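In what follows, a single structure is set out as structure tokens and then discussed.
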Amino acid sequence: MKIILPSDHPMLATAYSNIGAVYMNMGECSEAVSSCERSLEIMKTALSPNHPSLATAYNNIGEVLRNMGEYSKALASHQQSLEIRKVALPQNHPSLATSYNNIGMVYVNIGEYSKALLSNERALEIMRIVLSPNHTLFATVYNNIGEVYRNMNECSKALSSYERALETMKIALPLNHPDFGSTYDNIGTVYMNMEDYSKALSSYKQSLEIMSITLPSNHPALATAYNNIGLVYRNMGEYSKALSAYERSLEIMKIAFSPNHPSLAISYNNIGELYRNMGDYSNALSSHKRSLEIKKVALSPNHPSLASSYNKIGVVCDSMGAYSEALTAYERSLEIIKVTLPQNHLDLVTMYDNIGLVYANMSEYSKAVSSYERSLEIMKIALAPNHPDLVSAYDNIGSVYVNMEEYTKALSSYEKSLEIMNITLGPNHPDLATAHNNIGVVYDSMGEYSKAISAYDRSLEIMKIALPPNHPDLVTAYDNIGVLYENMGKYSEALTAYERSLEIMKIALPPAHPQFAVM
């Protein structure tokens, strides 16, 4: 064709466009965008500036760029396509609805949800004028609107949109059409976000049932379906069923993908997290290490996903009491995060907290304090002065100072924690009871018994308001007061506190509970 036709002949543009579409279907996006752009260059020479074919070319380039994650460029291409269509086509032409829909999808990708909604609603307005009410494009747009609301965490609106899409599809498509699978999957995800696990499970199973009929037995979409079902079972605490679903997902991936495909790393990660929930730390560690091995091959050396794997390995090692291994993993994770994220990113807080916890477990308290204080420094920069997350930072530091018997410093940290809670929480929030209890423990250790009893009493007052009358936490509160009165030589008050503790235990705890042995 290149030999027979002039270099700017429209048929060459069509040929390049077709080649681009094939590359797109093969997942070779850079080749696809190159072919689509060559097609556009020819069209610009051969056609008028507002010819509809130019709009199609810009639309195609926009879709490839969106799949490449080049969202700002994708948005510019789709907007250019829309501008041409506004000039070249009637005001309610279906292609305008397509453009608005595509622009909405890009806005979802960049997190501009209000703009996404406006674009999708404009698409619907046009469609309602020119299309039959059960046209499949309605299902597409309702699905897209559902995704916007899901990302905005407006679950009821998301669910309504997805169900509207489903209604349209039931009229317009065969009952086992693959699009049903993705819509049931979307509905399942919303129910997951709503923590309605039985409905989520039902939706995910319907999705799987349709996919099992319409797709080859080892199609990657089936792996995703089994993974979703595994996640629901995990959240429901049905770990054996979750493991079975995760393992089926992994089996499919092993056939569908190359041995070091990133999706396999995700699958091993999910299995590792499940084993950790089950308390099977050996298998958890093995799975997370396999995930890490794949990521090392598939990803760049400082990819954030590697940091996540090292962190999870650290968590498992910490749970196993393998503190030096946990520390090594956490420090490697921290190194990667320092390279890839801004110096005051909140992900660094998590890492410094984890490292601090390991040092505390190793009784290396000065190093633990150092890590916790670095965490606090970052939070002070990144968060508002009275942000609730600062409470845990001060509590962590206070607990280490208690272990170091540096009670004045511990008291200072706990009081700062309490100060923030008094601003951010209601006056009788259970966390305030914990804060007063911590302060009471410090005063008790300092031998300042009157201040300790005052703190313990305030803690107990809050618990009596915030908790049921026979809540087990009240046992601890009365026990603390009893021990303190005993240390003060006030034995009748101690006896009263212990007896109240015992009364609650008899109601709240089973007869064989270990706590009775301490009485």
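Including glycine, each Cβ sits where the backbone N, Cα and C put it.
Per TrEMBL, the features are:
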REPEAT    13-46  repeat 'TPR'
REPEAT    55-88  repeat 'TPR'
REPEAT    97-130  repeat 'TPR'
REPEAT    139-172  repeat 'TPR'
REPEAT    181-214  repeat 'TPR'
REPEAT    223-256  repeat 'TPR'
REPEAT    265-298  repeat 'TPR'
REPEAT    307-340  repeat 'TPR'
REPEAT    349-382  repeat 'TPR'
REPEAT    391-424  repeat 'TPR'
REPEAT    433-466  repeat 'TPR'
REPEAT    475-508  repeat 'TPR'
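When each of the listed stretches 55-88, 97-130, 181-214, 223-256, 475-508 is scored by C-beta pairs under 8 angstroms to the repeat 'TPR' (433-466), 475-508 comes out highest. Using DSSP to sort the residues of the repeat 'TPR' (97-130) gives these counts of helix, strand and coil: 31 helix, 0 strand, 3 coil.
For the repeat 'TPR' (349-382), the model's pLDDT averages out at 97. Nonlocal intrachain contacts for the repeat 'TPR' (13-46), taken as residues 6+ away from its ends with a CB within less than 8 angstroms of a stretch CB, comprise 1, 7, 53-54, 56-58, 60-61, 63-65, 67-68.
Helix, strand and coil content of the repeat 'TPR' (181-214), in residues and according to DSSP, is 31 helix, 0 strand, 3 coil. Non-local neighbours of the repeat 'TPR' (55-88) in the same chain are 13, 17, 20-21, 24, 29-30, 32-33, 36-37, 39-40, 43, 49, 95-96, 98-100, 102-103, 105-107, 109-110; each lies 6+ residues outside the stretch with a CB under 8 Å from one of its CB atoms.
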